[in-house]
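Undergrad: Structure below; questions to follow.
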């Protein structure tokens, strides 16, 4: 372990954690409204393909502004995933379908939707791939703090792109929103006891819809980052099944973070680190065994959380249940 | 109309929702059929948007999946594990135990069966070897299902995520075996597991491996088990309400653990059928998403094993047909997933119209109270 590169390891861990952070934050917002949306994987897929398609078509029609390309990516990733969450909302909130199955259906649909359009759009291109140019990819990956070549800690900060900062800001905002604001309090009360919230004059349906749709959009940003992340070596190109289970880890991280946006930062970092560990730390075990570490860690977290039931660590009380006003 | 009545009518919401109990089974299935039809129309619109004629595409799908002997055999081959995994999921879902780990349980079964196929094929004749593989797969699948069940029963650990994580862990173990100890040493150097010896292969009956017979037997057994046995009854009581089950003196923990053993064992056998009947080897695609699609099958069939046969066949047609349209029209194969997702959305949504009815303002009967 003599040549262990701490700055490199931490940088890679943070970057690998970014998609998880967005997925976790989106799902926290969703679950606070009492909706357990298991479609995070599907929504990340939809965000990924939408976020790639925006800059792709912009470049195809000859656009060269990186700022517009990035904005198109962000907006379309958000909208595509929010559309998936909207379908989920209509089914579970208005039509009262089972949340578990609807979430799974959304994952199947979103995965298919993204692979379908990723390949269909790619097949119209001469290269047979849906791919954006290097400047756009760089815009997502280049550090925004300068400091290049500073060495050590400086290198670490130099690698932080705007998506990292956006994720951290969002976590901070959500922590304030859920913990300190009036609307956040209303949202939490909807998740804890919709009947009580309804009686207090809070529009339960509107809160549930908004939290779920916005939460879905945030998950989509995680998908966008997966597609644009250059450390995969294929940044900016559609890769079949590119999300590859990270949406599910995000769902688990919500439990790990015990529904706290600030703890979600720590969780994403830890899981990001676990997923890239084999490149940096040699424990003398096969690579395939490394790859299951994040999942084993998730299982351990699940068990630990369920064994020590602290009151403040519990899920929203109505999580997973549809609210029928008529059946109060 | 006096102004007071008018004001009252205006205060009434545009649409009210009321529970309905009067719908017949036939009507309910008619609504579901209409939902599937609407889903196909929605899928057709996507096809249309891509510049193809949806009727031609659907016809090509059906033709590719059912129109000739080779296609039909392929379709059955796709339907067998799908149906098997749906049967595995059924008792767990009936208990409201969200086992989304069929994928991992299939792999666990496949791994166990492969062990005997690789290292016992020269020591045993075909029939005992296949029986041994079958049993090993069932035990391994049951074990993989048992782990989350024990934690759920004891501490209420979230089973959805637990079973899901076990999928990835099973896949990691499979990858390790394929790249390490079980790697084919006589092969081309690619990390693959050797093809099974003749004795470890499930024989064909009417051109498709005998797994289809096993799975049809499972259909009947599962139907009888869920409907006519005490254990089946216990499963539905736990599913409806755990406190009720406890109050009635049922040992809920025991029921959860037992049911997940059955669920995992069936999934494990699906793994055995795939490695021994379809692929003659084990690889990362042995489960290949079947565990997830099977959830769709089980739910669309309302957990009724007989109905599952038709739903599994229908989805197998979609999957095989999507392969055909990829070749003929250049429409990506993922169309099958898109269609499956849309159908599932419509089916989930249509349950609302089976369970509730909408009463519009001014129409319908008078208010109660």
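Backbone N, Cα and C define each Cβ position, glycine as well.
I grabbed these lines from TrEMBL:
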{"type": "TRANSMEM", "residues": "B:29-51", "note": "transmembrane segment"}
{"type": "TRANSMEM", "residues": "B:100-121", "note": "transmembrane segment"}
{"type": "TRANSMEM", "residues": "B:127-147", "note": "transmembrane segment"}
{"type": "TRANSMEM", "residues": "B:206-226", "note": "transmembrane segment"}
{"type": "TRANSMEM", "residues": "B:255-278", "note": "transmembrane segment"}
{"type": "TRANSMEM", "residues": "B:290-318", "note": "transmembrane segment"}
{"type": "TRANSMEM", "residues": "B:338-359", "note": "transmembrane segment"}
Undergrad: Take a look at B:100-121, B:127-147, B:206-226, B:290-318, B:338-359 and tell me which one has the most Cβ pairs under 8 Å to the transmembrane segment (B:29-51).
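TA: Ranked by Cβ pairs under 8 Å, first place goes to B:338-359.
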Undergrad: Given the transmembrane segment (B:290-318), which of the listed stretches B:100-121, B:127-147, B:206-226, B:255-278, B:338-359 has the most Cβ pairs that are under 8 Å apart from it?
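TA: Going through each listed stretch, the top one turns out to be B:100-121.
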Undergrad: Are there 3 or more C-beta pairs under 8 Å linking the transmembrane segment (B:206-226) with the transmembrane segment (B:100-121), counting only pairs at least 6 apart in sequence?
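TA: Contact between the transmembrane segment (B:206-226) and the transmembrane segment (B:100-121): absent, because fewer than 3 Cβ pairs are under 8 Å.
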Undergrad: Do any residues, 6 or more residues outside the transmembrane segment (B:255-278), come within under 8 Å Cβ-to-Cβ of it, and if so which ones?
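TA: Same-chain contacts beyond the ends: 77, 80-81, 84-85, 87-92, 95, 97, 99, 102, 105-114, 117, 130, 133-134, 136-146, 148-150, 152-153, 196, 200-202, 209-211, 214-215, 218, 222, 231, 234-235, 238, 245, 286-287, 290-291.
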